[in-house]
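See below for the structure under consideration.
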């Protein structure tokens, strides 16, 4: 595990010495001598990105839903209601943190925390540009796929610990849904890994760079890539409990699902984990199939659009914008498609997506072997 950053010759010497001192001081507390100071420093931008995604993700969803329902949405707090989410955060901070008398207090308390950790640990391997990645693992894609299992533990702990039948029903539905759809999602991502020849997410980005912009992206290099791309996008909706796969939180059936009994900051943490997962799966789609931090603009003659929009800052801009685009599509689908029944959801997974995922895997292998 390493922290990769481009050298900054203009960085003040005092700042460099301070960071080295903090890193040396914290190294002894990290497992296997890992420079914990660097990991803490690397985590700071990720925290801001996550909070940014939450703040404007919630605001964006309210505005999108209002537009589709011919409403204005939030308008009172700040210009065009842009501070509404901050007002909601302040409201949640003031709400009482209630623990039901009959609840298993240990499971009830750790459930949101485990869910949050499972959602945001994947951010460590997401490359937000050629100059920055928290943990450059050579199996980063495999890590991102597997870390979802922690979310299952958190959801089940929250549902069981609440000692509420609606919460338990919602947790069981969510666990069954996530575990089932993880199979076609993983196979679809392995198709992208097969095209790249590596599980290193930074290397996957590098292999999709070039002067022709989007023409170098895996999605446009092979006509077969569209199949695993669509399979993973559909499966990611189910993994994040987004419509039309939101049966674990069906208000008309289960009140609010596995977080029915939660209030205050515990509810806010669950909410943060949900929007963090939305951005995480959107970023993975962008990295594996759409070039990640690479610019989609091509060089056209003497107009070097790709060269002008490439670099560390541009890289972060492109991957965040691509991620937000897929978040917008998720929100769009929520207010467009009706909710599936449980039997329809499982039918789609096991009899449609999973067989097509295996077919796409075989076709991708054939394409990589026989097509130069």
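Every residue, even glycine, has its Cβ placed from backbone N, Cα and C.
In Swiss-Prot, the transmembrane segment annotation falls on 178-198 of the listed ranges 178-198, 241-261. The feature transmembrane segment, as given by Swiss-Prot for the ranges 70-90, 217-237, sits at 217-237. Per-stretch counts of Cβ pairs under 8 Å to the transmembrane segment (217-237) identify 178-198 as the leading one among 106-126, 139-159, 178-198, 352-372.
Counted as Cβ pairs under 8 Å, contacts with the transmembrane segment (313-333) are highest for 269-289 among 106-126, 139-159, 178-198, 269-289, 352-372.
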